[in-house]
């Protein structure tokens, strides 16, 4: 005999289900649950009087070797580029082993995830689970960035640097084999996935090649070192030879040629264009039009996202500091001014929303904020819904198309671009369990818990001397996965395939999981999930007006945002 209950009763017990919608933080974005992989009446729930008990939802006969998982997240709402749905998530050996229904196969039908004596439970009822974020534009200026990134839901950092040196403060580059070795050694201490870019500014193939053998997962070309056509061509030759990615910050001053010369030098080869909007750097005023090309994998950084009344004012001073410019030198001021164009900044929000720009990253401490990739991603999505309206296919209390487009920008698309999508970037079976758990009202702002390879590394935690975990002060703190040898087993250092094959792990005495990047050269804009539009883009050289397929695009700066002061005292 079946038992009926109201949707509210069900949501209180097990979390929302198929047909329900969840508001994301204080935005106007609503995630609509498309399906439920759990079974009504057989929900796996932990706690006093609940179902995960010996002989009920927990099988105490089967062992770990017989399929029992290490960790299960129960009744979670999954938000991923693959869909928005409800399911249990099984984790074994640090990887996602199954997504579906958990429980005891001895007393329940159609069990995908076996809960046993060896299983730890994380309650996902009324929680949202996303893949860990990937930030591909990181200046490794200070190691403290890593805690800030983790606390925001970022689990992979890709970029370059050696600390607060002038080269690092301006460019995301770890130059040469010695510096790469030192940063790979330093990476051992951090409970986060890391990959380092070598310097691509060279017309010497051997000088570029030695960095790939030293473990660089790619090359970065930056205008401050000279973004010449020769450097572009040589870096891409190395990329094609060793299956690595090239990232580029193009020539703002157009000293080495205009955007057309850069496009010619790239010569239809795939490349990741940083600062495609131009405010952070790149051919003035029309670098933005490069996003129309199918071989370009475009990203933009978070200081210009979303466009607000403060965006223009803060950029000049940031630019002067980050690029070693002097306010008393007129040429330096003119250089800075040439980058900051409200017309292209206003167009950036639109291009992100249309799926023309495929990724969002930080530009950490070098005009961007490492802890705000996720916040600004969703602020932009909310701003666009309010200013433009729902995307095609979305409707009242259902913004799934927009939500899936935007989550892809900081998860799967950066992973595909830099050759790590086999390991991370989405909630799919076989990938490492880099997962972020959110309370819906704090979604995108403050994670409830961050898992690395299935182990909790960061979580909200209260006073350690309290009788329960939640008394104030209640804030993000490192957990056991961030200490001791667990750091090495719960996180990954990415290296080039040739360095991996030459056993760089043993040569440098690395203890972390070391994995090679792969499949970066035979991809295109069409591989960017839900963000693969290639319209014609024009920029007026006098007015900086941006047109997409002949239509002017712009948006208003806003003075109020969600996910902001409501959540932060400072």
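Keep in mind that glycine also has a Cβ here, set from the backbone N, Cα and C atoms.
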Per Swiss-Prot, member of 275, 283, 315 binding Ni(2+) 2 alongside 220, 249: 275
Swiss-Prot annotation, Ni(2+) 1 site containing 137, 139, 220 - matching residue among 349, 353, 363: 363
Nearest-integer angstrom distance between the alpha carbons (Cα) of residue 275 (Ni(2+) 2 binding site) and residue 363 (Ni(2+) 1 binding site): 9
Fewest other C-beta atoms within 10 angstroms, as judged across 137, 220, 222, 363, which are the binding-site residues: 222
Proximal but sequence-remote residues of the same chain as residue 139 (Ni(2+) 1 binding site) (Cβ under 8 Å, at least 6 apart): 159, 160, 161, 168, 169, 171, 172, 363, 364, 365, 366
For the domain 'Urease' (132-570), the mean pLDDT of the predicted model: 95
Same chain, 6+ residues apart, C-beta under 8 Å of the C-beta of residue 249 (Ni(2+) 2 binding site), given in sequence order: 171, 220, 221, 222, 223, 227, 274, 275, 280, 281, 282
